[in-house]
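According to TrEMBL, the transmembrane segment annotation covers 9-29, 35-55, 67-84, 90-111, 123-142, 183-199, 233-252, 259-277, 381-407, 419-439, 445-466, 478-500. If you look up TrEMBL, you'll see 216-397 marked as domain 'O-antigen ligase-related'.
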Amino acid sequence: MLNATIKYLYYLLFLLTPLIMLPFTSELFEFNKMLFIYIVTVCILFVWIIKSILLKKIILNKTVIDIPIFLFLISQIISTIFSIDKHTSFFGYYGRFNGGLLSIITYIILYYGMVSNLKRDDIFNVIKISLLGSILVILWGLPGRFGKDMTCLFFMGQFDNSCWTDQFHPETRLFSTLGQPNWLGAYLAVNFFLALFMILKKNAFALKTDLFWGAYILLNLTTLLFTRSRSAILSLFISLILFVILAVITSLKTTIYKNIKFITVLILSLLAVLFVVKTDISIIDNILNKPQNILSRFTLQQEIRKSAQSRQESQGYKVEISESSDIRKIVWKGAWELGKRFPFFGSGVETFAYAYYFVRPASHNLTSEWDYLYNKAHNEYLNYLATTGTFGLMSYLFVILFVSVYFLKQIAKSENITLSIALFSAYITVIFNNFFGFSTTTQQIYFYLIPAALIVAATKGKDTLITASKNTNSLKKVLLLTVASASSILLIIYFINYWLADVTFTKAETMSKSGNYQTAIPLYQKALKFKYEHVYQDKLSFVLANVAVLAAYQKQTDLSGKLVDLSKFYNKQSLQVSPENVLYWKTKAKNEYLFYQINLKTESLENGMKSLLKARQLAPTDPKIPYSLTIFYSLLSDEEKDSEKKVLYKNLSMKSISDTLALKPNFRDGYALKASLHKKYNETAEAKKAYQYILEKINPKDEESLKEIKSL
């Protein structure tokens, strides 16, 4: 009974995790998947503990990668202890969730839960369940390719693609229930090899079964190509080459030879899919296009550029859309520099979003994504180097090395040959995709549980339990069962509250963005009661400051004062927990500007200026910070009565806007601010030059610049 419960919980994990998404949360996909994994893990751990109590022994199987996993876990714990934001390091970055210490512990529990409780036959069922889940993911996603998205139908009641923005459009790049095209591609690449195993695990050809899995493989590849995920497609090709090499040098070639007719037809069918759908990888597509160019078309990047530029031309100007590979190189450079700054234990698990600002290359400002917040390094290995240091990266690579060696040893033994090669090929797709991206919930499940699956299959029922023979009396047993049950219930309640907190936070954000601040405030406070998050405090602080301004305009002086105090309190709280978070220092500056509108005191402007100077220390290449400083200096110049200080602030404002434009020479708003300052300081010729620069270098049809030049 207990074994069956654990087994079915793993089945649920593989079946439902890729499918779960909900519209009520701040992040539709990963947050809900992560919470589901937490709850399933609590249930598995609970049943596992109950099983140990009833059997009067600790059920924990030793494995060949225990030492690497232990070292990796230690590296994550140490990195969390020395983190610039311990809360984020434990729970994960708010918006990604996966990757924090809590999630790492969860995946390790799942790993040991599988190797200690599942049997060989269970692994074959897990593979089937994983494939079933992928079929559902494919069927859910495919209609979106043809303008009929299931998610829009399910969430909005509209059977079209209208619920998605231009950035996330399933007709261009499919993502189904995974959230992003690269994530769907990586997921399908893993399951491609699981389906190959289902075909090759038999010695004899079985028409119905092989046709079914053959059709699945064709559907899998077609959907994968629709994602236009170059990393996923390349990972599939590289792993296929590895699969073929290992098959040729092992006894698997005998099985392939027995099914040669079917496999030949399958290969030709796969090539036909490639020829028709294409890969969006120019080297491969050029080869496919050589026989004929009838089906040739622009690559995805060209399509995006053409679409974006046509929109910009209609607005009167062009903005160069940066290549994702070029942006990635810049982010990688920043991650490398961050690793050098924190060489041993990194900036802290999952703190890349904040720490990247410390070393962010100025060249990032010249890309089309210059003002995006990068919460990952878009390379799992550099991300570990940056956030967990050399210790974290080396221990992570140590895990991969031990797993790879174990796979190769199993293949060399000619034991579980088909399973070993298929799982190893699937595992390589995970490793490869992590190089060009970062791990997600589904990828982490495969990263930890593919090795566990082979270990279980290889043990053939051998028992290597660490036992503790004890004569547990009935009273002690009842006590242990009670503690285990109570702890599990409390943990599940905690994760439910976590979900409710995010749902409430999402409602608050919706109200805030629509300007309904009075409704947003109690929702933020309610979210904080469900679960503490300094992100909630930061958002609440800014909303309170806005409402304080409204109250002041309505002559509600006492209420305005109380709201100002509350705003300061929550901002202070968020900065105490995350003192090196540049975003929170920016919030403080924005709040102080709002307070200035209430009290008209230079003290508020000076406090805002100090906050921005602190932010500039943390993010020296962020052009928005000196831009904001320019405004504060200009206001201080207006308020200052002392003529020398007035000139000082004027000079500081001009220096600050020059610093802004040095960081981002194509900053339209920066030049507009510079022009307005020159105009304000009666420097008409300089103001004209700034407006002229906008017209000549940025946008020749800029209405404000054209109007101002005529008036000057």
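We number each residue from 1, going along the chain as drawn.
Cβ coordinates are placed from backbone N, Cα and C, and glycine is handled just like the others.
The average pLDDT computed for the domain 'O-antigen ligase-related' (216-397) is 83. Sequence-remote contacts of a segment are chain residues at least 6 beyond its ends whose Cβ falls under 8 Å from one of its Cβ atoms, and for the transmembrane segment (90-111) they are 13, 26-27, 30-31, 33-34, 37-38, 41, 44-45, 69, 72-73, 76-77, 80, 349-353, 375-376, 438-441, 444-445, 447-449, 451-452, 533, 535.
If you count C-beta pairs under 8 angstroms between the transmembrane segment (419-439) and each of 35-55, 183-199, 381-407, the highest count goes to 183-199.
Most Cβ pairs within less than 8 Å of the transmembrane segment (123-142), among stretches 35-55, 67-84, 183-199, 233-252, 381-407, belong to 183-199.
The transmembrane segment (233-252) and the transmembrane segment (381-407) are not in contact, since fewer than 3 Cβ pairs between them lie under 8 Å (pairs 6 or more apart in sequence). If one looks beyond the transmembrane segment (67-84) by at least 6 residues along the same chain, the residues whose Cβ comes under 8 Å of a Cβ in the stretch are 90, 101, 104-105, 108, 111, 345-349, 351, 354-355, 387-389, 391-392, 395-396, 398-399, 401-402, 578-580. Sequence-distant neighbours of the transmembrane segment (183-199) (same chain, 6+ residues past either end, Cβ-Cβ under 8 Å): 18, 127-128, 130-131, 134, 137-138, 141, 174-176, 209-210, 213-214, 216-217, 220-221, 223-224, 227, 229, 231-233, 235-236, 239, 243, 259, 262-263, 266, 418-419, 422-423, 425-426, 429-430, 433, 437, 440, 442-443, 446, 450.
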